[in-house]
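Below: one structure, written as structure tokens.
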Amino acid sequence: MRFWYFSAILWVVCQALPSKKQYSVAPELLPGLSEIEDKSTIPEMYAGHMPLAQSNSDDKDEIDYFFWKFSRPDKVLNTLIIWLNGGPGCSSMDGALVENGPFRVNKDLKLVVNEGSWHTRADMLYVDQPVNTGFSVSNSKEKKYDEDLTLTTQHFMDFLESYFKVFPDDQFKDLIIAGESYSGQYVPFLAEAIQKRNAETSDDLAKYNLRGILVGNGWMDPDTQSLAYLPFALSKGLIDQNNPHFSTLLRQQEKCQDRIISRNPNEHQPFQYEECENILQSILTATRDVSADTPSNQVCMNIYSYNLRDSYPACGSNWPDEVLHVPGFFDRPGILEALNLDPSKVPQWKECNLEVYYHLKNRKAVPSVRKLPALLDSGLKVILYNGEMDLLCNERGVLDMIDKLQWGGAKGFSSKTKEYDWNYRDFETNTDHIAGNVLHDRNLTYISVHNASHMVPNDKSLYSRGVVDIYLDDIFLEELHGKDVLVTTSEKDMDDFDNSKLGVLGITDGKPSEEEELEEEFDQYVDELEEGESESGLLDDDKEDETVGATDQNDDKNKGGEDKPNENPDKEKEEQDRQRKRRKGTFKIFGITILVVLTLGSFVFYIYIRKHTNKTRAILIDPSRRQHDSQNKRVSWADDLEHGYDFETDQSQPRSGQSAPKKNGSYTRVPNTELDESFELENL
């Protein structure tokens, strides 16, 4: 009996999750960080293996997902962004160290600051998944791989359950699921699973505060994306009808179309068709430069940024250069230990695991595009952004996908779609740069990023952070050449600006803050006063002065001629508005002054009374026999009140959803030294 008792205790101890402190990462252990002069740019970090909660009865293997979290050390932010790279099978450390994380790895295998890091806007959580991606492992003797997105989704939900137990404060933050390329599949599946979990959870405090999803250059609709390759290549001049391979391309396009049209809607369909996958291969073959004087590294078009060239058959796998530094960084002595990993239990890091790709064939799951209408109809905020130079997941395919979507009572972008130009403002040089264009309709926002690749955060990091600013509504709205322009900036902290958020794109809920509500009530009060004074004739003098001033101006303009009627009623209306605002400002200052005087007077009167009044004491209770009140209390918070304990658990976190602009006048796949690790180029 005693044996079983101690065995049970041992089992419970072994199942216990590590503490938050055990996941802490010391910056001094990471090469390069000690050389950074501005220590405020170094984030607070947590990393390590997170055991997955075993909710799936068919999956008894213990799985550990590797995560790396970054947050600002100087400020508590109320938003958590979970970033996933795609592949499938590509590590999210691409995102952390090559794209939108706080650091990049230089050629000396040291960390340097990434000026466009997203962690200045929200806490960033990078997770390697599915199992056997990056540093995420299973303890089974034989390696097991996820074969369907439904299982991948369940595993990630198990990760979240464990993660929020270790980091409970994060569960109450606004949650955004983000990723790029093949993560266009992961992200909607996860969003749907979270919404389902919330619907089945009666306790509001146990729900996850999912607010939106961000997908960059997403592979969401395989059929539509495949059919967009040839039209996109033609529109960009990458190929023309005089190309000797053009007839072959047309036949390949027809095969793909016929395959899609002929499918039986009553039967389960393949996740994607081989006939459609082959179109991209045919385009690369047709555009290959085989002339003798062409350098070997310029033979093939880079599918991730079509304005660049690469060797064949790499066609982009040797790009970007920074990714080649990451394996060497993780191989440095002490790095794994600094990230709370046991070197004996993790494989050598490689960017993408092709085995994960081979196994995740999705024989049951449907493409994530079918999840989008329900997610949008639920009110979830959805942002899709695309680098315009990407061929693999090009913007033509994404826009065609949106045109087919039915949500919010309409199909695709409607006549009410708002269109904006988008500029990035560098305050250091006081210059604006064209960043792209924005389309917004209902709760869907599409952002085209100017001159950016498949990996927008890599080559346009500051622009990519603007995508987060647009979601958070930390933007300016200006008018330029008669068009509305959204402006994002280089500033680390947008709270430095008086940016009252009203939700110009409807991205945020547009709820005013308490201060804004009070100001609105005061404005209404002033308006009522003005109306009352106007009716009683109290403002006649002001009106008379305005009339006299206007008459004098007309006299000056019309000297030597007859009086003319007002030719610009708009200017007259603007002048009336300015007069009204001045009067309102006067009333507001007067009202505030009265409130301040009354408050100070009440305080002084209270002090005077307290000082000159004798203290009272209870006459019905003998003080010597009085018992402590707490002995008779039946609720715990009574003692807390008596001892002055504060019930506000986290006052430092900002309120969410208060946002509006000021008016101022997959990739997942990055290059690898091993060609066969690029899932997109498998058939090459």
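Easy rule for this one: first residue shown is 1, then count along the chain.
Glycine is treated like the rest: Cβ placed from N, Cα and C.
Checked against Swiss-Prot, the residues ASN443, ASN614 yield a single entry marked N-linked glycosylation site: ASN443. In the three-state DSSP classification, ASP390 (active site) falls within coil.
Within 10 Å of its Cβ, the residue among the recorded positions SER181, ASN443, ASN451 with the fewest other Cβ atoms is ASN451. Looking only at the recorded positions ASP390, ASN443, ASN451, HIS454, the one with its C-alpha closest to SER181 (active site) is HIS454. Spacing of ASN443 (N-linked glycosylation site) relative to HIS454 (active site) is 24 Å (Cα to Cα, whole number). Note on the active-site residues ASP390, HIS454: the fewest other CB atoms within 10 A surround the CB of ASP390.
Confidence across the topological domain 'Cytoplasmic' (610-684), taken as the mean pLDDT and rounded to a whole number, stands at 40.
Taken residue by residue with DSSP, SER181 (active site) is part of neither helix nor strand, so it is coil.
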